Each structure stands twice: as structure tokens, then as C-alpha cells.
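One structure is given here, and the rest of the page talks about it.
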């Protein structure tokens, strides 16, 4: 979209992703390019900083909402709980659609007409919900009980539908359609494709499945962490008007539990709802408040720092080794092959030059072929055999191989025979599992391309 090179994954070729959200970052990239400031470090950090600024505004909005509904003391407690949540720190600066879905949910909640709210605005909260749904269609899930409750309480129901829901829906979906028409080159209703793939066909199971109770026994307890007892306590104490928020939390977890493929990030949008109850609990602890706050801060600080700065950092760190090839006079001859579980690392945004790169592909089969196996699974079933077959001609060999340490022994004969030598070892994780090793190795072919 901006630099005329890059890589589009299968989701884009099948119209499962919309351009509305990436357009924000593409605009930032274009601005940097026009200013002559499109340095690779800025391409990496500016989107994260933009996401961080939005996250900060969302946190302030949450504080403001509770202050209007309750008082400054309760608002401070909710704000504190939100700020020291390890999962919020882990997720809020990531450029995932789940992150933007969460931020827009907080902004929308600040205008939602909860009983006693002085900031309620039907048009504002519905517009923000619609925008969240355009970015990630699953955003509709937590809002189903909230919008339905609002509809039941609204005296002018026809006005709500005719003057708010329909115009806002038409404008947002229409804008999304036009943006996608421009970039796809044809009319694509991304939200419908997303729904068909993830819900109606349940093809997300291709990327793993979990038991129905996973969100109740692992998902929610893990993202809440030490906030969990405060959340339960807050649910018991909270005023009647907050029951709708609790219902939204339960409803969302139940709906996601019906889908086989589960991830922690999917339920991130309900975490701010939970923080309202956690703050309510903290405020009512009175004599124990300071001790409880200290416990929450310390118990969340370590996992926040560890998961944010240390755990699985190799996937980012190794990109700086690849990026060095852009400054090399042999750039045109370089060919980097990432032999890791697909999408383990970022790609061109962290390299910023038209380097020849490849990674193991793992698109699902959309044709109904039951015997289908993706490239990554075929590779891992016999790495050595796959490499010898794929690169039987020496002229096709990649100049650089990137892979997890667990693979080294299995392909050592290929590396030795084809003249590869290790040039870098990058730490990745203290808890290697399956195909993911503790370190990432960078191997270079021969000595004629010395870039280190």
C-alpha cells in the first residue's frame, strides 16, 4: 500500500480481513515516507506508540465514566486496577485488532446509558460499537446484551432504531465497503466472510481447539490473574445497575466457549468490564485497601515485565539480524528462509527493504479436502527430507536460515552438507514447547556473504 512491496497472507486473498484498520498504520507509514523519516525503527515503534496513546485515552475514559457514576474514590480504584493489570500491559500497545476492539469498547462504554450516567449518548456509543464491529466483527458479542438492555429500557424505541441504529449502521458498513472496494478491487463484505469462516464453518479449529470450559477454567482466570478474587468480591457488592456489565462478561465467555478455537486475546475486550468490579471491591476493603493495592501492584508487575520484555522476545530480536542484510551490498543475492511455525516473526515492517524472504505457510483448506495438510505440518513431519527435496538444486538454496534451536539436531546433516554456519543465537523463551525452542538460530551459507 505504501512502499510497493510486502506480503499479504491468505486472509487477505480470501477477503477475511478489512483494510479499515490497517489503513490507520498505512497512513502513518505514508506520512513518514513523505517526510523522509521512514526509518525501520520508526516503522516499528510509531504504530505501537499510537496504540499506546489510544490505550491511555481509553483508561482515562474509564476513570471518567466511574467518576460520573460513583465518585472520585471508586474511580481511582477502578483506574488503579486497570493500570496494574498485567494483561492490559501485555496487550494494550500491540497492533492487534483485539486491542483496537477493546479500546473502542471502553470508549463506547463511556457513552453507554447506564442508569445514573450523565454522559450517556446513544448515537456516540452506537457509532463506536459499529466502528469496533467493522474492525473486528466479534466486537458485537459483548454488546448484544448491552444494546438489547438499552432497547428494552428506551421509551422511544422507533427513534432509537430509525434515527440511530440504521443511519449509523449504513454509514459505517458503507464506508467499510467502499474502503475495501478500493483496495480489493471488487466488492467484498469482510464481516460476512469473517462470520462464515469463524462461526458458521468453524474453520478456526484448524489452528487448534480447546475444551468448552477453557475460558472459565483457564482463559478468564489467567487474564484476570490476581484480580480474580477482587472481581468475584466486586460482583457480590456492586450495585444493581452494573449487573448488565456482568451479564455481558458471562455472555461473552459463554459465546466464545462454543467456538473450538480459543485464545486469551479473544476475551480481552471484557477485561475493562471486569475492572469496574475489581475497583468496586478494592474501594470497599477500607482498612485493607492499601495492603490489597500493594498486593495487586506487586503481583501484576512481575508478569507484566516478564511477558512484555523477556518472554518470547526472540521473534522480534532476530529481525534486527535480518534487517542488517538491507545495508549489505549483497542484498539482491540474499534469500532468508524462516523455518519456524508460521507467523512466528514479524515480516517486512521490521525489515523495510524488498529483501527476498519466505516462511512456512499454514493456510487452512477452504475447499473441503479432508486429507489436506499445510506446508508447515508437512515440513515438521520430516524436516530433513523436506529440505533435501525442496532445495535439491544448490542454486535454489537460501542464503540465510532462521529456525528454533529444537530443529538444529534434526537438520544438522543438511546444514553441514550445504555449507551453512551459525552466525547468531537469539534468546526466545525460558519455557520451550513442541516446535518452539528456547533460542532462535541464524545460519548463513558459506563465507562469501559476510554481513556480521
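Positions of Cβ are set from backbone N, Cα and C atoms, glycine also.
Worth saying up front: this structure is predicted, and the values here are computed from it rather than measured.
Looking at 96-112, 181-197, 266-282, 283-299, the range tied to transmembrane segment in TrEMBL is 266-282.
Listed ranges 125-148, 317-340, 341-364, 365-388; the one TrEMBL annotates as transmembrane segment is 125-148.
As stated in TrEMBL, the feature transmembrane segment covers range 160-179 out of the listed 40-59, 60-79, 160-179. Among residues of the same chain six or more beyond the transmembrane segment (266-282), those with a C-beta under 8 A of the stretch's C-beta atoms are 58, 62, 66, 74-75, 77-82, 85, 87-88, 91, 98-99, 101-102, 105-106, 109, 138-139, 142, 215, 219-220, 223-224, 227, 230-231, 233-235, 237-238, 242, 245-246, 248-249, 252-253, 256, 289, 292-293, 296. Sequence-distant neighbours of the transmembrane segment (212-232) (same chain, 6+ residues past either end, Cβ-Cβ under 8 Å): 81, 85-87, 253, 256-258, 262, 264, 266-268, 271, 274-275, 277-278, 281-282, 292, 295-296, 299-300, 303.
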